[in-house]
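As annotated by TrEMBL, coiled coil applies to A:9-43. Positions annotated as ATP binding site by TrEMBL: A:GLY106, A:ASP127, A:ASN134, A:ASN135, A:MET136, A:HIS137, A:ARG138, A:LYS151, A:ASP195, A:ASN196. Annotation source TrEMBL lists Zn(2+) binding site at A:CYS236, A:CYS239, A:CYS311, A:CYS314. What TrEMBL lists as active site, glycyl thioester intermediate is A:CYS253. What TrEMBL records for A:365-468 is domain 'Rhodanese'. The feature active site, cysteine persulfide intermediate is assigned by TrEMBL to A:CYS428.
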Amino acid sequence: MDSDRGGEASVILRQLEDLKASKSEIERQISALEAQLREITFQKPNGSVSNGSCPPHIPSVDSGYGHDLSPQMIHRYSRHLLLPSFGVQGQSKLLKSSILVVGAGGLGSPVLLYLAACGVGRLGIIDHDVVELNNMHRQIIHAEGFIGQPKVKSAAAACHSINSTIQVVEYQEPLRTSNALEIMSKYDIVVDATDNAPSRYMISDCCVVIGKPLVSGAAVGLEGQLTVFNYNGGPCYRCLFPTPPPTTACQRCSDAGVLGVVPGVIGCLQALEAIKIASGVGEPLSERMLLFDAFSGRIRNVKIRGRSPQCVVCGENAPFSKQQFQEFDYENFTQSPLTPLPLKLNLLQPDSRINSKEYKEKIVSGEAHVLIDVRPEHHFKIVSLPNSLNIPLPRLEARLPEITSALKEKEDHRGTDSGSGGKVYVICRRGNDSQRAVQYLHKMGFTSAEDIIGGLEGWAHEVDPNVPTY
Amino acid sequence: MFAFLMWRGIVFSFCSGGLELLCNSVKIHNVNVELQNGAEKLTMKDLLSWIRTNLIKERPEMFMKGDTVRPGVLALVNDCDWELSGQLDTTLEEKDVVVFISTLHGG
């Protein structure tokens, strides 16, 4: 009964995966075609792209008090107006400003909530993702009722419910070189609330090409960073990081974890910087970087280099053109995808691999074997298969004797002669580290070691849907 | 996370992006860096070479490339980008503070 259900679920899951793959390909094609169409429709005679930096629906009529704030606005934003340094002038500029937030996740949530609340005239939200249960602890703009729905839709609804007087523009698509110029050109300020290296380079380069300030934030684990790029002659992202880091150095929240409030803190600070730039009040964090260490409660503010004359995008001899931007391959440059999917390594020969259903059969048939789980200890504590031995990958070398003795124990127990050699199976979260482990085990003489394809996630999808995934 | 190393009053700190994991997540190190062959001053180059030899024994490529920091790592001397003070040639003095940051991408 259970295995029937497991089988059914795995068929559905496979179909879902296929459909999702074709969906993303179709979306890519749509995005490219839309960009082509926009170019045809929006192209002005002089070749410039239309730039609606002033929201059309905000009336710029003098209210009779020497400014354009309506009585309603005066009431709503009164605490801003009471700030001597901000006042009517700051609020008025804010109401006329337009800000694009790229990413409606952990960083984007507080950015959008505050920018909507404070009365930014036109707020653009771009994100291709849908709301998931494991987003909820940090992506506080989304409510449970929106699980499975586009983040853009959920975020826009939240922004509207806070402030119905602002214009919210939804872009339910991934930001790519094909649509970035057109979309970003329509805004005064861009906020980078994305989660990957290629997007960060792409957004910064695009801001340089179209001359927009960029508020950039990042958070992983218990740490966050914040800075403002391309502002008032300041540096761009590439001035600071001309060469992309190795992909192994790019931690992601879905692998390394993140304490929910950490992107919240950085997102609030991003909203603050965007508000400062939009209102013309205060000193934006240009040529400086704020480092937040949540673990020790430390915040550092450091001075970083100015615009680099050698920068290939904003430097003296670098007229990085719109065309160059559109043709630049950011995924190849950073060796990582713009819309990150879980890594799927293929290190082993097929005969050294076993899928979770086959492994289930081995258990049922009572084959003598040892199951090694090579995930970190804190992963193992979340969920694990019965009778598995946890040896985290980095500790494998030191703990090989444990595998030998576990194998011996199994053989003794079953009375088989030791010459036949019990099997070693290796499992991890998704089936990558298990392959690395098996490669190593083969080298160390455990030639029969095999890895379980797809790891615990595969097991949950194909064998036992009751095993939680994380 | 911050890791402090002492050298004649100089504080070295690893923070951000998992760099601290390269030294067993140990936060505070008290160390003595000897000057090479009668050299009179300590430079960032000397410091990096010392860290490479004495501190980061596993996966040095996560911190360094050649004799400098790898792409994506910022070095700060007294809370100031080392680009502004001469990079590897930056001279270190007593009570200087050196911080290494690995850029973050998550969100």
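Cβ coordinates are placed from backbone N, Cα and C, and glycine is handled just like the others.
A:CYS236 (Zn(2+) binding site) sits 39 Å from A:CYS428 (active site, cysteine persulfide intermediate), taking the CA atoms of both as reference points. Checked against A:ASP195 (ATP binding site) by C-alpha proximity, the recorded positions A:CYS239, A:CYS253, A:CYS428 yield A:CYS253 as the nearest. Taking a C-beta cut-off of under 8 Å and a sequence gap of six or more, A:CYS428 (active site, cysteine persulfide intermediate) has these contacts in its own chain: A:ASP373, A:VAL374, A:ARG375, A:LEU393, A:SER434, A:ALA437, A:ASP451, A:GLY455, A:LEU456. For the domain 'Rhodanese' (A:365-468), DSSP puts the residue distribution at 47 helix, 16 strand, 41 coil. By a Cβ separation below 8 angstroms, chain B lies close to these of the binding-site residues A:GLY106, A:ASP195, A:CYS239: A:GLY106, A:ASP195.
In sequence order, A:ASN135, A:ARG138, A:GLN139, A:ALA193, A:ASP195, A:ALA219, A:CYS253, A:VAL258, A:GLY260, A:PRO263, A:GLY264, A:GLY267 make up the list of same-chain residues 6 or more apart from A:GLY106 (ATP binding site) whose Cβ falls under 8 Å from its Cβ. If you take every residue in the domain 'Rhodanese' (A:365-468) and average the pLDDT, you get 91.
Cβ environment of A:CYS314 (Zn(2+) binding site): A:VAL208, A:ASN230, A:PRO235, A:CYS236, A:ARG238, A:CYS239, A:ARG307, A:SER308, A:PHE320 lie under 8 Å away, each six or more residues apart in the same chain. Those same-chain residues not listed among A:CYS236, A:CYS239, A:CYS311, A:CYS314 yet with C-beta within 8 angstroms of the centroid of the Zn(2+) site C-beta atoms are A:SER204, A:VAL208, A:PHE229, A:ASN230, A:PRO235, A:TYR237, A:ARG238, A:LEU240, A:ARG307, A:SER308, A:VAL312, A:VAL313, A:GLY315, A:ALA318. Comparing A:ASN134 (ATP binding site) with A:CYS311 (Zn(2+) binding site), their Cα atoms are 39 Å apart once rounded. The two recorded residues, A:MET136 (ATP binding site) and A:CYS311 (Zn(2+) binding site), show a Cα separation of 39 Å.
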